[in-house]
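Novice: Here's a structure for you.
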Amino acid sequence: MGALRPTLLPPSLPLLLLLMLGMGCWAREVLVPEGPLYRVAGTAVSISCNVTGYEGPAQQNFEWFLYRPEAPDTALGIVSTKDTQFSYAVFKSRVVAGEVQVQRLQGDAVVLKIARLQAQDAGIYECHTPSTDTRYLGSYSGKVELRVLPDVLQVSAAPPGPRGRQAPTSPPRMTVHEGQELALGCLARTSTQKHTHLAVSFGRSVPEAPVGRSTLQEVVGIRSDLAVEAGAPYAERLAAGELRLGKEGTDRYRMVVGGAQAGDAGTYHCTAAEWIQDPDGSWAQIAEKRAVLAHVDVQTLSSQLAVTVGPGERRIGPGEPLELLCNVSGALPPAGRHAAYSVGWEMAPAGAPGPGRLVAQLDTEGVGSLGPGYEGRHIAMEKVASRTYRLRLEAARPGDAGTYRCLAKAYVRGSGTRLREAASARSRPLPVHVREEGVVLEAVAWLAGGTVYRGETASLLCNISVRGGPPGLRLAASWWVERPEDGELSSVPAQLVGGVGQDGVAELGVRPGGGPVSVELVGPRSHRLRLHSLGPEDEGVYHCAPSAWVQHADYSWYQAGSARSGPVTVYPYMHALDTLFVPLLVGTGVALVTGATVLGTITCCFMKRLRKR
């Protein structure tokens, strides 16, 4: 026997296997979704179909057939991309009307669309692709089962009353105040035998606008995965807790919009969508229904807030009490959880522009405060009725005369305790006249002795005369100085040196020379200022400023008048002998001549000043 040798394949066999393998990789394949698919009667359905591994032109043709359960072997032509006469009679009218159509996505992919499913549309759908290949290899059609479910989704407005009451047949019209809560309920249920999820959302359309996807603005909704999501304009309010959505029981959903705003007005709808999970794991919406919940009007505070004042123009005397009443009116929500109010009084002097300055106010918590310049006075601001506020000045002054206005502000509460001003209103002006005290003051001041020298004490006297005024008038006097700079008075305001108040208490300011100062009352209407150890820095123009004060019944003081004396010049002279010691460093003889010259000059100047005076 000869040795065994391995059997060699013919050279053409490996090549043939490779060709067969390559042809298998390029075999035609038609792909449709995995079934069965569940859809609801009356809704739209889309079934995709695409082909791969084909030969021939890039644009392939597609034909759709239906095999009904009662005739599983009978193919009913639905629609074709090639033949317009392809449809069987049962589909012809629907195809012509566009209710059933095939839409090409690209050359090798299409989608079958049925606008409104009917119960007889259930069955096996086949997508067939006529061959354009050189050899018949692969699959030329794909099949998927479609099951049509009855429409059992129900959506309606939830009745505001207890369970069991029927919702009204027509949508109600609701009116809420700005800042109040807007609460709406929706009933959504389904009895589909398959496992489905409901997504429920609340939407709003502007008043009188037609309802549609383009006009309906989503407020908030619960998705099919139970996540709560708000529409873009409401996302911030949802995050802040002003917007809430919850499920009560098995089929009731409740939306609460806290702190209603003017932009919340409109027609509210509830939309329920039923979702099912297809065999490929994706979720598909199989039904959707919408119900009108209510037509909502938001009554803004700015359109309702009104302020009136009384009792009318007032004329009173100084020291008399002044009472003014302010009434806040309008269809307003009560102060509390959703709304808050503040009320204040403003006063502007007669003829002054603008509302003026704040006198007193009650804030949103009912805490009173006085405006700048009114501290220390007996002024009361109180609430005397549900919407009536009273301002009382225990003792009016002439400076209280002017135009009074009452200012009311309305606030709404946002999330937590945050307040947002929603409206404000001012009353008409209320004139108040206060008689003047009729006090006339005059003051005469002079330097005692006429001439003062350095190191001495300068005494300045001020006599005050008074005409008119009530009994018990008190006088006060203060001394002021203006310093010269380069021979002229400085533009700096006068500086207080000292004075005696209406209560007899002395007040000391700052003396230019820094030495001791004394102020005293030397007579009923005579005041004296003394500058001890006078120095060159004390040079200046002094004046006396008296003022008249009246104490009212509330023990507050009111300045009833003031005056200013004429200027008093204080010039500290040097003693003549002091000048002899200045030039000793340059010789005694020169000092005597210089001293005599200076002495003569000073004496001459002094005599000239006396003659001028």
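Counting starts with 1 at the first residue shown.
Cβ atoms are placed via backbone N, Cα and C, with glycine included.
Note that the structure is predicted; figures quoted are calculated from it, not measured.
The following feature annotations were taken from Swiss-Prot:
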type     : residues      : note
DISULFID : CYS49-CYS127  : disulfide bond
DISULFID : CYS186-CYS270 : disulfide bond
DISULFID : CYS326-CYS406 : disulfide bond
DISULFID : CYS462-CYS544 : disulfide bond
DOMAIN   : 28-149        : domain 'Ig-like C2-type 1'
DOMAIN   : 431-560       : domain 'Ig-like C2-type 4'
LIPID    : CYS604        : S-palmitoyl cysteine
LIPID    : CYS605        : S-palmitoyl cysteine
SIGNAL   : 1-27          : signal peptide
TOPO_DOM : 28-579        : topological domain 'Extracellular'
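Each of the listed features needs to be described in terms of its position in the shown structure.
Specialist: Around CYS127 (disulfide bond), the C-beta neighbours below 8 angstroms that are at least 6 residues distant in the chain are VAL30, VAL32, ILE47, CYS49, PHE62, GLU63, TRP64, VAL110, LEU112, SER141, GLY142, LYS143.
Counting every protein chain shown, the number of other Cβ atoms lying within 10 Å of the Cβ of CYS186 (disulfide bond) is 24.
Around CYS326 (disulfide bond), the C-beta neighbours below 8 angstroms that are at least 6 residues distant in the chain are VAL307, THR308, VAL309, VAL343, TRP345, THR388, TYR389, ARG390, LEU391, CYS406, ALA408, SER427.
Neighbour density for CYS462 (disulfide bond): within 10 A of its CB lie 24 other CB atoms from the protein chains shown.
A mean pLDDT of 95 is what the model gives for the domain 'Ig-like C2-type 1' (28-149).
For the domain 'Ig-like C2-type 4' (431-560), residue counts in helix, strand and coil come to 3 helix, 75 strand, 52 coil, using DSSP.
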Novice: What whole-number Å value do you get for the CA-CA distance of CYS270 (disulfide bond) and CYS544 (disulfide bond)?
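Specialist: It is 83 Å, counting Cα to Cα.
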Novice: Can you count helix, strand and coil residues in the domain 'Ig-like C2-type 1' (28-149) using DSSP?
Specialist: 11 helix, 55 strand, 56 coil
Novice: Between CYS462 (disulfide bond) and CYS186 (disulfide bond), what C-alpha distance do you get in Å?
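Specialist: About 88 Å separates the two Cα atoms.
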Novice: Whole-number Å only: compute the distance from the Cα of CYS544 (disulfide bond) to the Cα of CYS186 (disulfide bond).
Specialist: 83
Novice: Taking DSSP as the reference, which of helix, strand or coil describes CYS186 (disulfide bond)?
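Specialist: CYS186 (disulfide bond) sits in a strand per DSSP.
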